[in-house]
Amino acid sequence: MSVDEEKKSDSITENVVAVSNDAASDDFNLLIAENRQAGERSLVRKLDSRLMPTAVAIYLLNYIDRVAVTAARLQGLEADLGLSDVQYEAVLAILYVTYCPAQIPSNMVFGVNGTLLRPSLYIGGCVVAWGLTSALTGITHNYTGIMVCRVFIGLPELIAAGILSRMEGGAITMFFGFLTMWLLPDFPHNTGWLNAAERRLAQVRLAEDAGEADKDAADLTIYDGLLLAIKDPKTFIFMLISFSQLLGLSYINFFPTLTATLGFNTTITFLMAAPPWIFASVCCVLNAWHADRTGERFFHITGWMWVVIVGYIVSLSTMATGGRYFSLFLMTVGYCGFALTLTWVSNAIPRPPAKRSVAIGLVNGFGNLGNMVGSFVWKASWGPEYHQSMIIALCSLVFSTMLSVAMRMVLIKENNRMDMEEKTLMEGPGRERIEEAARLEGITFEEAVKRRKGFRYLY
């Protein structure tokens, strides 16, 4: 964006926000219609240009690590370090021993409205710590050494991750960590590279999205947020959904091993492992885009789990190279659904922010225990068919679907309750007040009712 374009954008945003603060202004509707869309497009473009590439890079580095150990297995990791089958499974699982329980305090240290730590500095610091630990991984020569590294790698992966490889990888990750501190936004009210008008518009957008301000009460503490989260039954349903999803998708820790069952050499196996994930990446972007456009959540999440179930059924039915390889494509797209699960948590438990933050930590932390359990599901002795492993994973995905159905019913019930409350409000004295307000504002009764429509859960 050029300097002139940015100045024009800032001017538009300032006009929109100024008028938004005075809804009774004669020019309010006109300015909203003409300028707000342009102002919002400029704001979203500015945020996305920094947030999306950074988030994608961090997520990519995260999963490069998670499959690095499984890739090393094909190149003789177990023999080099003298690992038994159980020890190798423990190496995979130990990361989650620190990663999972640290999720909740990790989210809590942000404090209410970010008063303790700024997200950009915290996430960047985690990436730097991860890079340092990764740089030290190269000195490990036995089971004890790699276990210690995996324990400490699990801690900075509270939120961010880097590359588990050699010294060069760690240095790159540390560099990216410092870059992250500048690239990422913080909260709408304190992101330094947004001007005052853009920060205000961002807050307005969040408030409209949830039907109230995206801000905690002045007397609300981070511990209150924890209490509110654990009192909400939806939190525990989502925790179980996430756990069962990740147990059902735990093949990711053994994906190169599964690809190796096709019978090719190590180099070709690595090459064949890539296309399913490229396909899944494209599906993931399209799924997220469509979910955002429609506001639908259930089918955009569980539908992909059903595809994975079909993939498991195909693998259970044949050992033919073509059928097995096709099933790998079906299995990888499960992450298209899982990627939206935390988004659904934010939609279903949106306010106050302190509660939402802890709920996300609980769901993500408990959910990743599914990965830890899954580390012991894909036993080498069950290969190359891995029928027992696939049956366990398939049943877990069926269970996650049942829980998602229950969550959808809960949210529909809540929306119906709010509809009834608003209907009651619009009868008798309540209707008279709305009619009077419509007359004073010069709008129709239907328009006034639409303005009064409050927040609704996405399901």
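For all residues, glycine too, the Cβ spot is worked out from N, Cα and C.
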Q) Looking at 45-63, 121-139, which one is transmembrane segment according to TrEMBL? A) 121-139
Q) Which is it, of 71-92, 357-378, that TrEMBL names as transmembrane segment? A) 357-378
Q: For the transmembrane segment (236-255), could you work out the same-chain residues 6 or more beyond its ends whose Cβ comes under 8 Å from its Cβ atoms?
A: 63, 66-67, 69-70, 92, 273, 305, 308, 328, 331, 334-335, 337-338, 341, 344-345, 348-349, 359, 362-364, 366-371, 373-375, 377-378, 389, 392-394, 396-397, 399-400, 403-404, 406-407, 410
Q: Name the range, of those listed as 267-289, 301-319, 357-378, 390-411, that has the largest tally of Cβ pairs under 8 Å with the transmembrane segment (325-345).
A: 301-319
Q. In terms of Cβ proximity under 8 Å, which residues at least six beyond the ends of the transmembrane segment (301-319) contact it?
A. 245, 248-249, 261, 283, 287, 326-331, 333-338, 340-341, 344, 384-387, 390-391, 393-394, 397-398, 400-401, 404-405
Q. Do any residues of this chain, six or more beyond the ends of the transmembrane segment (267-289), have a C-beta under 8 angstroms from a C-beta of it, and if so which?
A. 71, 74, 255-256, 259-260, 300, 304, 325, 328-329, 331-333, 335-337, 339-340
